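**Student:** Please find one structure pasted underneath; my questions will follow.
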Amino acid sequence: MKLAPEFYEVLRNRINISDVVRQKVVLTRKSGNYVGLCPFHQEKTPSFTVSDSKRFFYCFGCKAAGDVIKFTSNISGLSYNDSAIKLATDYGVEIPKLTQKQKEFYEESDEILNILELANKFFKSQLTPEILNYLNERNITNETIKEFSIGFAPRGNKFEKFFHDKNITNVQLGKAGLIGKREDGEIYSLFSNRITIPIRNIYNKIVGFGGRVIGQGLPKYLNSPETVVFQKSETLYGEHKAISSSYKKNYSILVEGYFDVISLHQAGFSEVVASLGTSVTENHLHKLWRAGDEIILCLDGDSAGIKASVRTINLALPLINSEKKISFIRLPTGLDPDDAVNKNGVDFFTKLIDTRISLSEMIWQIEYAGKNFKTAEDKANLEKNLKDYCSKISDSNLRASYYRFFKDQIWQNLVTKQQKTVAKNVNLLPLSSGYSELEILEHAFCALLIKFPQILQEFEIKEFILNLNFSNKLLEEFRNWYLSEVIDNAVEAGEIAAIVEKTSFFDIFLLLSEADNLFLDIAFNKDNVRLDLLWQWLYKRYYLLNLQQEYAHITKEYVITNIDDYEKVLFYKKEILKIASELQDLNESFINHIIDNSK
C-alpha cells in the first residue's frame with residue numbers, strides 16, 4: 001500500500017516514540033528524555049536516548065538514529081513505508097486512502113525521483129582528473145567527493161543521449177528540472193559544464209541538484225528549479241546527514257553554501273546544513289528546531305551576510321521561546337565558513353561555535369556598532385528600533401527579558417558616556433585642552449602623589465607608581481625624583497615644596513599641586529575625599545584606556561588570521577566591558593559620596 005509522505009508526519013505527531021521504544025527497551029527518565037540500553041548493539045552502560053519532544057531516538061554508541069518509523073523499521077526489518085503501515089495498524093491511526101489525483105501525483109513523484117537517481121549516476125561517471133584536481137585544490141578529499149556523490153555535467157549531448165537511450169523523454173527530464181529550453185526552442189542540459197551536487201531530502205532521496213560553474217561564468221551557482229519533489233522553502237542541503245548530529249548536540253548550524261556544508265562535514269561538523277541560496281523560511285526553522293533547541297546562523301561576514309541575518313532575525317522573533325533559540329557566529333569580513341575551517345583549522349571553527357553570540361546580542365551589534373548617537377533623535381531612533389524588535393516576540397517572558405537586556409545595553413553604552421560630561425564637576429578627569437587622555441591620567445597620578453602622599457603606604461599602589469611607564473618623559477623624571485625624595489630620603493610632604501623650588505621640576509610641581517589644577521577635579525581636593533574610590537577610579541580608567549588602545553591595534557582592518565588572534569580579541573572585548581561596568585559603579589559610588597558629604 002502506497003502512503004502519502006504527509007502521513008508519516010501524522011504518525012510522528014500521534015504516536016509517542018517512547019511508547020514504541022519501551023516495548024523493546026527498558027527506559028529510564030533522565031533530564032526530560034529517556035535512556036536505555038541500545039537494542040542495536042551490545043553495551044553495558046546505557047547510551048540510547050529517546051526524546052518525545054524531538055520525536056527522535058539516538059544512540060551515542062553505534063550512532064543509530066531516526067524517528068518512530070525508523071525505529072520500527074530497524075527493529076522489524078520492514079521497509080520504511082511498511083513500518084508506517086504497521087504502526088498505524090498497531091495504534092489505531094486511520095490510513096487515508098489516496099484519491100486518484102494523489103495517486104497520479106505520487107506516481108509522478110516516484111518517476112522524478114528515479115530519474116534524478118539516474119542523473120546522479122551519470123554525473124558521477126563523468127568526473128575527470130581535472131575536476132577531481134579542482135575539488136582537491138579546494139581541500140575536498142576523494143572520500144568526501146564520494147560521500148556527497150559529487151559529479152560533473154559535461155558539455156555536449158552526452159547527457160541527453162544517456163536518457164534517450166533509456167527511453168526517457170525531454171518532457172520527463174523537464175519535469176525533473178534537468179533540462180531547459182532556450183528562446184529559439186533549443187533544449188539544453190541545465191547543469192552543462194558544472195560540478196553537480198545532489199540535494200537530498202530528509203529521507204535521503206535526491207530531489208534536485210546544485211551546480212557550480214567551472215572557470216568564469218554566471219551564475220556561479222545554480223539550483224534545480226522547483227518541481228513536485230523539490231521546494232526550496234522546505235529543503236535544506238545536508239539535512240539528511242545533519243539530523244542525528246543536531247539531535248546529539250542539541251543545535252544545528254545553518255550556513256549559505258554547498259561547499260560550506262561539505263567542508264564543515266569533512267572537518268567533523270556534521271550538524272551543518274545550508275539554505276540553498278534562498279532566504280531562510282519558517283519551515284526551515286521549525287525543521288531544525290525539531291532536531292535541536294538551538295539554530296546557529298553562520299553567514300558570510302560581509303554586508304550581504306548582515307542583511308541575511310536581519311531577515312532571519314525578523315522571521316525568527318515571533319517563533320522563539322526559551323526552548324527555541326537562535327544564535328550567531330560572527331565571521332571576520334571576507335571570510336566564509338568554507339575558508340574559516342580550511343584556512344584556519346578545526347580548532348578555530350570550534351572556538352567560533354563556543355563563542356557564538358545570542359540573538360539579543362546580535363540585534364544590539366547590528367543596531368549599535370559603528371554608529372554615532374550624538375543627538376537625542378539618534379538615541380530615540382535606536383530605542384524605537386530595539387522596541388520594534390521586542391514587539392515581534394510572542395513569548396511574553398522572553399519579550400520582557402529582551403527589553404531588560406536592551407535597557408542595560410543602552411545604559412552601559414550611552415548613558416555612562418553622557419555621565420562623563422555630567423560628572424566632570426564631580427569626579428571625572430577634566431578634559432584639558434592640549435592633553436591626550438593618557439597624558440591627563442599620567443598627570444593625575446602625579447598630582448595625587450603630591451596631594452595625598454600617604455597613598456604610598458599601600459604596597460600595591462607604590463609598586464604601580466614605581467613601574468608606571470610614562471608617555472611624557474619629563475613627567476617620568478619628576479616621578480622618579482619625587483619618589484626618591486619621599487621614599488629614599490624620607491623627606492616629609494610639607495618639605496617638598498621648599499626642596500623642589502631649587503630644581504628643574506619646580507614648574508611642573510606648581511602645575512600639579514594647585515588646588516584647581518588641570519588634572520584633578522576640585523572634588524578630589526576635599527579633605528574628606530574617599531582615597532580608595534579615587535585610586536580605584538584612576539587605576540581602572542588607565543587600565544581601560546590601555547585595553548582600548550591595544551584592542552584597536554589588534555583589530556586593525558578586522559583581520560584575524562588564527563585562533564590565537566581570535567581568543568585575544570575575545571579577551572579584550574570581555575575585559576573592556578567588565579572594566580567599563582566597574583567604572584560605572586565607581587562613578588555612582590563617588591557621586592553618592594560627594595552628595596552625602598555636601599549635606
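In case you wondered, yes, glycine gets a Cβ from its N, Cα and C as well.
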**Student:** Under Swiss-Prot, the annotation zinc finger belongs to which of these stretches: 13-37, 38-62, 363-387?
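**Tutor:** My reading of Swiss-Prot: the zinc finger range is 38-62.
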**Student:** Please work out which residue of Glu256, Asp300, Asp302 has the most C-beta neighbours within 10 angstroms of its C-beta, and give that one of the binding-site residues.
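**Tutor:** When each Cβ's neighbours within 10 Å are tallied, Glu256 leads.
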**Student:** Round to a whole number and give the Cα-to-Cα distance in Å for the pair Asp302 (Mg(2+) 2 binding site) and Glu256 (Mg(2+) 1 binding site).
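**Tutor:** Roughly 12 Å, rounded to the nearest whole number.
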**Student:** Mind checking how the zinc finger (38-62) divides into helix, strand and coil residues in DSSP?
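**Tutor:** Split into helix, strand and coil, the zinc finger (38-62) gives 0 helix, 8 strand, 17 coil.
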**Student:** Kindly report the helix/strand/coil residue split of the domain 'Toprim' (250-332) according to DSSP, in that order.
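**Tutor:** When I sort the residues of the domain 'Toprim' (250-332) into the three classes, I find 33 helix, 18 strand, 32 coil.
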